[in-house]
Amino acid sequence: MSVILDAAKFHNRAKYLLDFWKDSPDDFGSANVLVVAVGQSQDDVLYQKSIAVQTWLLGYEFPETVLAITPDRFYFVTSSKKGKILESLQQDSNKGATIEIMGRTKDEAHNKELMAKLADIVAESKKVGTLPKDRFEGKVIKEWESAMKGKDVELVDMAPGIALALAVKDDSELDNVAAASRISSAVMSRYFLNEMSSIIDEDKKVKQDVLAQKMERCLTDDPYRQKLKLKDVCLIDVAPVIAYQLMKIEQIDYALADWCYTPIIQSGGKYDLRPSATTNSDHLHEGTIICSVGVRYKSYCSNLSRTYLMNPEKSQEENYRFLLRLQDFVFNSTVDGVVCSDVYNKAAAYVAEKRPDLKENFLKNCGFGIGIEFRESAFLLSGKNNRVLKSGMVLHVAVGFQNLEHPKPADAKSKIYALLLGDTLRVTKGAPQIFTEAKKDEQEVFFEFKDDESSEEEVAVKKEKARASGAPSPARGGRGDARSSRRKEEVQNRMQHERTRAEHQKQLHKKLQELGQARGAGTGKEKEQSVFRKFESYRNESLLPKNTHNLQIVVDKRSDSIVLPIYGMAVPFHVSTIKNVSKQDEQEFTYLRFNFITPGQSAGKKDVQTPFEDPTATFIRALSFRSTDNHRFTEIFREINDLKKDLQKREAERKEMADLVEQDKLTELRGRRPPRLPEVFCRPQMEGKRLPGDLEIHSNGLRYQSQMRSDQKVDILFSNIKHMFFQPCDQELVVILHLHLKNPIMAGKKKTKDIQFYREVTDASFDETGTRNRRRPMYGDEDELMQEQEERKRRQQLNKEFHNFATLIKDASKGVVEVDVPVRQVGFMGVPVRQLVLMQPTTNCLVHLTDFPPLVITLDELELVHFERVQFGLKNFDLVFVFKDFTRAPVHINTIPAKSLDDVKDWLDQMDLPFTEGTINLNWSSIMKTVNDDTAMFFDDGGWSFLNAHDENEEDSEEEVSEYEEESGSDFGGSESDTDEAYESDDASASGSGFSGSDDDSDGEDWDEMERKAAKSDAKRGADTGKTSSKTKRRDDSDDDSDDSDRPAKKSKKR
């Protein structure tokens, strides 16, 4: 897989760097040229400014490369292979910088000549900006130092200027920081917190470094990744603003995630609150536990620190509460235009004023800048840094107190403790945007682990004190109390969340009603009138077929007409005026009856009422003809029916093509080869055998060209693309690039509004069976592991290739087309068409793309969403999506598991979509007909409020049936997947109660009467001799004698 650079991003950032350098030359040491020399890759050194510059400009690290930047040109000296990758930067039409590539070869003399040439260019400027703190080794570095040796230049430090230029992050950088923060928060709240509380609760002896190593596996091993539950973190554990931003992040590729450092876990009186601290091998101690987690995503860092207190004393609780207030104070101080030293000095003054006893324990700084480098020291929040914060910068803000003394330590290790809180945030002009939102309230970090073997005397004393104060007696505490308290807290948080959601929905429904009333104002009850169509068979009599002179019935397929002889004249009738033709044989005669379409005829559901220019005129309803030539009449009957079928087919095709919009022509790229995605398949499939093709990017659109047939191609303009989705092949068999269009196009002979290009993950040339290795000893497990690794690599390569191509489409369209990625973690199962599939939300849509036909629902086009069959006991429910365009039929997604109900509601609420719920399926064709007939009256009568009131009305009266309730046998295209669970639930409730009769019946029989009839029935059975007749008679007697008997309701009455 070749590396593809983002040319537009490079030129934008290169222009920004040049402008920043021009405006702030002093920060670059007044250098006239900037040199970034990178040698061999060093695994032990992660953070150097030289590598940060390469990553920021190119998106990748380029070892063995020298970059020289002048005010008008970028010079690259690198290998020939890397040079070919960099050549793509020269092809961008909107260049922000001119680049020159000097490719090194195996010829030593040639390489020295290149270095000498670059050294001469650099030496022309007397001041050369370098990064002296970065140390590299390798052949290129030695050649560069040798070429610069003896040059009369002054080397200055440009590190401050580079730090300032890279400090303000753009949107793509912020997305990467948010993704890294999302993983950090998940590791802290979903893995470490559970593991730590379990270790302490169960008195396990686990070393801190062993626990840290297990945490590292959260980014490498699937079982550990599943424990992170990123879906819950995205929707519940973070603030709504951050959750919405996280929804825009593409599905996380763990291959692009890495640790900034091994997680730091500290307890037992040994605390080092510096970022460079390490985890020791002591056992995790029950007391004060501090954990710090740092994760990189696409080279961008995040950091998170939390403190957890076990059985805290009152003074510890007060210190932690003050730390929370202090952190909020520092957060509010980090705004655009504030000097870094002011942030720290204000925090120190706040501590000195509120808690002077903690002044000496306060840290020496409040955090630092963070980005591609984990610690950007230029923006250290200390008392001596005069740098100014700007909106868009990302900081790690950390506040804490060290070397605190425990007033009543339980053991020697608990005597000294520390407190630390750290979060990653974005500086704005107002309140900062927090990326790491692992919970830190006292309810989440205070743990009460009581001893199960507490003395009975202590419990008795507590009970006595409780009686004296009138409070309930305390129960004996145990280590399970903490978990019980956490569960109770989770229930309370969930209830509060539901109340907040209900209040938000109330506001959305109020706004929806107001918009509906404004929308309905001025609309009348006008209905769309059918258009009267005139049919002209022949313009004059001379155009009639020649064989009509014989006064025979003639079927003229050319004019779509039938010529009938009437009173010696040839009278043509267009086939559209004929309703049907019937043929009947009677003795030696054959009758043909022509039934015509006339006003007042009843039409079926599939028949369209034909308008008439003058319905009061005189019409011929039917004509009958008789002949002894049975063969000829049979042939005429067949030809007429075939003609009607052909006409109906052409009419259907005409209606189907009515909404086709003529597109502009595709402007092909000239002079160079267009970017291409090879070997992809197209859906809907082209005619004939399924064959691969190439997808190309041209000036104003895309072209899919079959590799085998030149006549099979599809052109798609950027202006016609409504949504573009990239679905990776994680947990799927195909990787997909899907286009949802504004107007339908023709793909082959099929009209479609959705077209997708995909490639299957499985490789036919790859030996899945391991037959080739079967002769090798011990081929089993090793071969399976190799196959899994190969498949994983193959999936990663496919994802990168398709995602990079989608990014190229976005750049070529100049912002017209955006790349959207389905969020699998937030998906839910459902039946949109025929089978149960995974529905996945994106930023703007709800989609299912794997199976064809796909489903794409644009959220901005929705009026509201209705939940059907939501009641206790049912395992599934249905969703109905109602569009703002009331003429569109609602879309149904059926058989959604009930466990997904809250998740779906949370997602809809975050997307600001109003929803309602009911217990039954509704007849939506009738509802939408009512809405379309008079929209104004519909909203004046309450609009969609009847959907919420439906259940209340049904509880008040079970006899009353809503006019919108779906009837059995209705052809309404609504939910057809009422699963057996509903019926099983009803049967179970009936059989469980033992009663199924009506409570209104007052003439039931008591037990004595029922026993008498049973004896009579037994006597009759004894009189019968045949087994079959006995069974029949027993049924007859039961039917005759048990008229209104055996009523279980009377059994209840008897009792």
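Heads up, the Cβ atoms here are built off N, Cα and C, so glycines get one too.
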Which range is it, out of 261-291, 292-322, 633-663, that shows up in TrEMBL as coiled coil?
633-663
On the DSSP side of things, how many residues of the domain 'Histone chaperone RTT106/FACT complex subunit SPT16-like middle' (828-918) fall into helix, strand and coil, could you say?
16 helix, 42 strand, 33 coil
Under 8 Å between C-beta atoms and at least six residues away from its ends: which parts of the chain pack against the coiled coil (633-663)?
553, 555, 557, 560, 562, 575-576, 578, 581, 583, 590, 592, 625, 627, 715, 717, 720, 743-746, 751
Note the mean pLDDT of the domain 'FACT complex subunit SPT16 middle' (553-704), expressed as a whole number.
82
